[in-house]
Each structure stands twice: as C-alpha cells, then as structure tokens.
Amino acid sequence: MSWQQRIEAALSERRAADALRRRITVEQGAGRWLTLEGERFCNFASNDYLGLSQHPQVIAAWQQGAAQYGVGSGGSGHVVGHTAAHHQLERELAQWLGYDRALLFISGFAANQATIAALTGKEDRIVADKLSHASLLEAAALSPAQLRRFAHNDVGQLASLLSKPLNGQQLVVTEGIFSMDGDSAPLAAIADAAREAQAWLMVDDAHGIGVLGEQGRGSCHLQGVKPDILVVTFGKGFGVSGAAVLCSEAAADYLVQFARHLIYSTAMPPAQAVALSAALDIIRSDEGDARRAQLAALIGRFRDGVRGLDLAVTESHSAIQPLIVSDNSRALRLAHTLRQQGLFATAIRPPTVPPGTARLRLTLTAAHQPEDIDRLLEALHGGE
Ligand SMILES: *Cc1c(COP(=O)(O)O)cnc(C)c1O
C-alpha cells in the first residue's frame, strides 16, 4: 500500500465507524461560555474546572510577566530558559504539595512521557491502570520495560501482577481522577500494594489538582497518600497550561540529567510561570475554597437532577460527569441535540474510550450558574 492509500484507508475506516474526529474553531471563551460560528453556547466541554482561565488576576499576571520577561523563554531550561519566575513557581508548588522538589514541563503529556522514559529500563516493569491516560500508556508502551495493565481500580490484580518475579524495579502508574469516567482511584490501597512490593507509585492528578482537597492540594492529599512521583497539570483546574513533576531531591536531580523533554525543549514562557503563580495563589486562598464549594454544589445539583432521567451516569463525584450511551451515533446525536439548544458538550468515542462505551462527556465548572445546570437537565430530559 502506498502512503496515500494507507492514509485514505485509515480515514475511511474511521468515517465508517462514526469515529472521525474534527476540530472546531472556537472564536471566544473557556469558562462559562463558548462562541462558535458567531453563536454563543453554554460550555460543558472545557476542563477549566475553577473558571481561572478568565480570571482577571491571572490575566494581569501573565501581562505583567510578559512586560517583565518578554514573551518567550529563549531556550531550554538547561541553557537560559529557566528564569526566576520558573524557580519561584517550582518552590511554591513543592512547598504547597509537601515535596522536596517540583520540575516544570510544558505539558502533562510531556511530563508523563519524560518521566516514564527517564525512569524505566528493560529490566523493569510498569504496572498501570487500564484506563490510564494515553500519555501514560503510550510512554509505558514505548519504554523497554515490561508493561502490565490491571483492570480499572482493581487493587487485587495490581498486587498479583506486582508479586511476579523480576530482576529490576517496578513502577505503579495510576490517576487521581480518571479523565473519561470522572471516578477516583483507591489511592491508599494502591499505595499499600506498591509499598508491599517495594515498587514506586506514580500518580497523575491532572483532574484533581486545584479542585479537590484542602487548599486544592488534590486527590492524593485528600486520600492521605504521598506518591513517589506526583504529576500535576495546569491546563485544567489551573486554567492555564503546563505541568509539574513533584518528587524527592535525588529524583529531581536525576530527571534534570535524564528527562529528554526538559533538556531538548524550550522552557515554558516565564510569563506563563508568573500567571501560574497567580493561579496558585487563588487556588490556595478563600476564593479558591469558594470556587470549589460552588463547583461541588453544581455537581450535586446535576447528579440530583439527572437521577430521574433514563441515562447511565457513572460513579463520578467530580466535575467530569459522563453519560454513557454506548453507541457512537447516539452520542453524536445527543451532542447535536444539546447544541441546538445552545449547550455545548462533546461526544467521546472509541478509541479514546473502550469499544461500546461512547459517551457524552459533560464537564462542570465553578464558572457555571445553577440555571445553566437546570437548562442542561431540561435539554437532557427532552432526549434526542
Ligand atoms: C489532560 C491530561 C494529561 C495531559 O496534560 P496536558 O497538560 O494537557 O498535556 C495528562 N494526564 C491526564 C490524566 C490528563 O487528563
């Protein structure tokens, strides 16, 4: 098959399965509203859980940072790209989350890839939850280490995989809140299983950080667990983008030597680090508590309301509230119906989720108002 034929065949296969992905071009907005082709929608598709992407203090911090440092970092952090703004943010994050060190990455995807690649070798074994994010599973698949996946949140199976003989080291990989189901991992039991096997635990808390726990410290803090490696990302609750790996002094020194995404990639703009420090200040403050309380009240309102409808909700108590409709075309139809009523949500289809579990992924944010939830429930009540 030629390149052209191979590409055409892959596209036709996707089209036939109602699984072709298209990007939309958004004119304005994250937070509560989204403008698309001149029309305004109430936005139930963003991960901006606390509405910080539109926060005046965060915007002002980014502007002030750009005025002070310019718009680009000018290089990798190993050359000239690591500024006082990056340094300060790393120290604030480490202190907030109770780790020796934090290392900034340009994205959660990069942080996961870099960390797994730098840590694991061919003698080792990675044991990951089956529903882990693509950035984790892909990094694990690319690593020369053995990859074993345990059934979602199945600590018994995890322990049994960890007990198999091995020469090298083991890395347990899971998430705080799962991105497509919104449920949480039993982190205390997972940490016990890892400790028992002398394995390291790596938790990606992309959807919990800022949103859960005291001062927004996330899923691990909420469950009283301190993983060896904690990955937090800033594109969701922080409302910006970027990520950090939290770890011990020695592990940080090691990653600085061996994490290729740190060494061979331009550091995040210093102004972004300034904006992230401002977002962190809000997250830790009373205002952060108020935003988390607002979000929790909206989640409660949605779950109470949806119970009466003939739709399959998940165990989720997080801002991610998927409605599993199984069939791709039904998920698309439901998304379309909502759109006709001025509400925006995305249909998520395989291979992003397991076959037969297509869903409407609804996300709530502190930027929503109770009447937005009521409108959503009413539209869902009307059906397809
Ligand atoms: C969104 C997400 C990532 C990727 O983070 P980015 O900063 O957007 O690259 C990684 N892990 C999980 C669990 C996520 O949900």
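Using the three backbone atoms N, Cα and C, a Cβ is placed for every residue, glycine included.
Feature annotations, courtesy of TrEMBL:
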type    : residues                               : note
BINDING : ARG21, HIS133, THR352                  : substrate binding site
DOMAIN  : 42-380                                 : domain 'Aminotransferase class I/classII large'
BINDING : GLY108, PHE109, SER179, HIS207, THR233 : pyridoxal 5'-phosphate binding site
MOD_RES : LYS236                                 : N6-(pyridoxal phosphate)lysine
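Annotation: THR233 carries the greatest number of neighbouring Cβ atoms among the binding-site residues SER179, THR233, THR352 [cut-off 10 Å, Cβ to Cβ]. Ranking the recorded positions ARG21, GLY108, HIS133, LYS236 by C-beta neighbours within 10 Å puts LYS236 at the top. In the predicted model, the domain 'Aminotransferase class I/classII large' (42-380) shows an average pLDDT of 96.
In three-state terms derived from DSSP, THR233 (pyridoxal 5'-phosphate binding site) belongs to an extended strand segment.
For the pyridoxal 5'-phosphate site, whose annotated binding residues are GLY108, PHE109, SER179, HIS207, THR233, the maximal Cα to Cα separation is 14 Å. Rounded to a whole value, the Cα-Cα separation of GLY108 (pyridoxal 5'-phosphate binding site) and THR352 (substrate binding site) is 17 Å. Annotation for PHE109 (pyridoxal 5'-phosphate binding site): same-chain Cβ neighbours under 8 Å, separated by at least 6 residues, are SER135. The pyridoxal 5'-phosphate site is defined by GLY108, PHE109, SER179, HIS207, THR233, and by the 8 Å test on Cβ atoms against their centroid, the other residues of the chain that qualify are HIS133, SER135, ASP204, ALA206, VAL231, GLY235, LYS236, ALA243.
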